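J.: Before anything else, here's the structure in question.
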Amino acid sequence: MTLTCPLLCLPGVPHVVLSAGGRDCLRAGDTCSSDDSCSPRLRTLRQCVAGDGSMKLGPGARNQCENAMTALLSTPLHGCQCKRGMKREKNCLSIYWSLHQSVLHGLSLVENYPYEPEERGSDYVRLASIAAESEVTTVNRCLDAAKACNIDETCQKLRTEYVSACIQPSARSGPCNRPKCNKALRKFFDRVPPDYTHELLFCPCTDTACAERRRQTIVPSCSYEEKDKPNCLAQLRDCKQDYVCRSRWAQFQYDCEASEHSASGCKRENHGSCLLAYTGLIGSTITPNYLDNSTSNVGPWCSCAASGNHREQCNDFLAFFHDNVCLKNAILAFGNGSDVKTGASQPGMSSPATDNQSPHLATTASGVSMETEQNVLRAEIPTQVNGNDRLWGDEGASTLPSPGLLDHGPEPVHLSMLLILGLPILVLLSQP
């Protein structure tokens, strides 16, 4: 069952008051840690969800855990959220899951999703000016998307970074450094506007060569492929052990939930949010990608062959990709320009595009106003924190480290032109 605050705002239970922006879990956690009533309850609950509470808290563990949870549900910790790609994202999510993942005998506090809806407005004026510079009708939106990314400063920089990270051999890791590759991929999809990332990843293809280039967008040979496919449930267990991956998976399940009663196939009636949640999984242990040259046949690189008695559970996991009408319709709708429910208040919204009128038709960069690195930094202002005693540890090593601020090192511009047409070639050449 889902517990709600109005039923639990009991007399004597502390209510922590936050200023504007109080739904941020880092701010809510800081305020709680400085409150004499809230702090011990949060510490108790974190012990409860870290393992078997009875081992840590003694015979009265269950009651203590339930009381702590009940009290915290009347504070801003209940309902707080995080921002995808924010600085200290893992720390923020650890606070969210302390309250929303419970092992307390049937108490379920998992709400809709851990991330705030993103307000990413599309720069339609600038994109239109780029498109106007093209003197020919587009014949391949995937190539047009690569060209448009290559003349946008942020997109080109971060794409160059991940391609470089994913094709360079590593003395310690072999053909490539997979953790470094996946970190760069997450940074790209978290920092670059979906106007560019969605065009690169979901552009429609009509021939095999185009489809293979599209499949190679995230450099599968380094980012996730192995000789033998691992078990899907093992991958999912690893994902759920990491705050960021678990949160991206929860977001994907929410935004891409299918509905047979919806014309769009999506319960939320929002294709753009589903696509954005899908890209949030890239660079994780359950990274999805095209499984072949079909436009809508996507899924993670795993198998249910060795699932034993959990075969049905494994099949259900794969079905969320393979048989998800919401996800399939979202990808197809983006390709044919019939996206549903676009709006600035929802994440991942792009303007409808057709094969003859794409926002990414650019072939030259002259006269285009580029985003500066300073603008990119301002767009990702980290949440302010104070020096109060934390009820959670500093963000340490993680299978999904959250991206930091952009580096100021020299850009590897020698890869910039190869990003347009040569990514599949680079990937093939990098393989032994």
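Using the three backbone atoms N, Cα and C, a Cβ is placed for every residue, glycine included.
No curator has checked TrEMBL annotations; they are predicted automatically.
Dumping what TrEMBL says about this protein:
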COMPBIAS  343-365  compositional bias 'Polar residues'
DOMAIN    25-104  domain 'GDNF/GAS1'
DOMAIN    142-222  domain 'GDNF/GAS1'
DOMAIN    232-326  domain 'GDNF/GAS1'
REGION    342-365  region 'Disordered'
SIGNAL    1-19  signal peptide
J.: Work out, from DSSP, the number of helix, strand and coil residues along the domain 'GDNF/GAS1' (25-104).
T.: 51 helix, 2 strand, 27 coil
J.: Please count the residues of the domain 'GDNF/GAS1' (142-222) that DSSP assigns to helix (H, G, I), strand (E, B) and coil.
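T.: So the counts come to 62 helix, 2 strand, 17 coil.
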J.: Note the mean pLDDT of the domain 'GDNF/GAS1' (25-104), expressed as a whole number.
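T.: Averaging the confidence scores along the domain 'GDNF/GAS1' (25-104) gives 79.
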